[in-house]
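Have a look at the structure below, then the notes.
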Ligand SMILES: [Fe+2]
């Protein structure tokens with residue numbers, strides 16, 4: 001036993017603290033059984049699949065998902081891939097992440113499932129698959145900055161999700177507040193993941209990385225969630241109904257200590273993904289392109305964040321060379337809607353590009369907008385309460401509120417997308433809503449104008465025809481002369497006969 005260790009023991013005893021020793025289960029000695037917890041599902045990119053992910057604090061002897069069509073037997077059993085995760089904190093606590101990909105799922109079908117094994121099973125949950133075509137209307141709960149502390153929106157969201165209101169949840173960053181705080185060693189992360197299980201075990205929980213997930217190069221985020229693609233959920237895309245959703249990391253622009261390569265990889269991938277999404281056959285099938293990233297390009301808050309700066313990094317790129325600018329890339333590829341969080345408030349912007357408002361028209365700003373629409377929805381409720389607004393609205397601010405709340409989004413069809421903001425402060429009422437209407441998508445949409453109605457064939461005005469004689473006046477005169485001559489001849493014949 002070293003002198004240093006004895007000194008630590010002495011200080012700890014003096015402070016009345018217990019000491020956690022690293023043994024067989026570092027940081028988890030108090031756990032006696034590897035029970036499944038933190039259960040959540042996510043889309044894989046293939047609509048006939050669903051990913052199930054959960055955690056155990058100890059390593060179980062075996063691990064499976066058993067599932068089947070709701071109402072029947074859960075008689076399909078799939079083994080899990082188990083990975084050991086040493087959490088990012090001083091204690092180097094070890095937890096186990098379990099992943100199972102369910103395949104061959106039928107469209108529009110409800111499934112029951114549970115996960116676990118010989119050491120213990122979870123409760124039974126259910127989820128529904130969606131239609132596989134693009135002719136239906138998906139609904140989403142959308143928010144960012146939902147924490148373990150002060151999770152104001154949690155209860156109404158739990159209720160709505162469990163009532164089947166949504167087809168997916170989009171959590172736009174900052175999930176695991178203080179995840180790797182040196183004193184909690186990712187236990188807040190466990191608490192957060194258990195908190196969202198009440199929603200995420202029922203509908204796909206799709207996430208973007210936020211600034212609070214940055215520790216150890218986003219290892220908590222990368223390991224705990226299972227997003228589509230091969231990029232650890234830092235950037236990915238997926239399709240649902242008439243929508244192509246792209247999630248990306250704004251954090252690669254700010255945590256340059258993890259290397260520039262992450263920005264390059266993401267930017268190149270974004271270009272490729274947008275190019276593919278804009279292929280005529282793809283855009284015809286899924287005309288709506290929606291992006292979700294944590295830190296906004298614009299905001300009217302007063303917290304000193306980069307979104308207040310005219311030359312925002314995400315918007316115009318980094319360094320004096322303005323490398324990897326996203327506003328231009330998204331505009332040139334006809335992104336319809338950009339969803340952000342980070343600011344603990346809600347703000348809806350008019351269609352905007354390069355700080356200029358491009359409304360569809362004065363009366364109908366969101367009907368055929370001539371630039372992408374932005375919303376910032378970071379007021380779900382977290383430890384840091386609200387980020388106050390500047391006194392005056394920005395020219396591109398359409399509506400803003402500091403009320404706690406979350407956004408509902410429904411994509412009705414290829415032309416109509418509806419957003420509404422629920423206020424917790426105002427007793428769960430809708431305090432803002434907008435319908436985005438687009439008759440055309442893609443970069444060409446920015447020039448879209450109501451087509452001129454086709455010219456109607458005009459009837460030629462009726463011209464009253466003058467009744468004209470083909471005979472000339474002289475002919476008529478000649479005719480009259482002949483009649484007169486005949487009359488004289490006739491009279492002469494009367495005279496010779498009777499007189
Ligand atoms: Fe944030």
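In case you wondered, yes, glycine gets a Cβ from its N, Cα and C as well.
Going by TrEMBL, these are the annotated features:
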type   : residues : note
SIGNAL : 1-16     : signal peptide
DOMAIN : 36-129   : domain 'Purple acid phosphatase N-terminal'
DOMAIN : 140-346  : domain 'Calcineurin-like phosphoesterase'
DOMAIN : 371-433  : domain 'Purple acid phosphatase C-terminal'
REGION : 445-473  : region 'Disordered'
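Model confidence over the domain 'Calcineurin-like phosphoesterase' (140-346) is summarised by a mean pLDDT of 93. Counted with DSSP, the domain 'Purple acid phosphatase N-terminal' (36-129) comes out as 0 helix, 52 strand, 42 coil. Shown for the domain 'Purple acid phosphatase C-terminal' (371-433): DSSP residue counts in helix, strand and coil, namely 0 helix, 32 strand, 31 coil.
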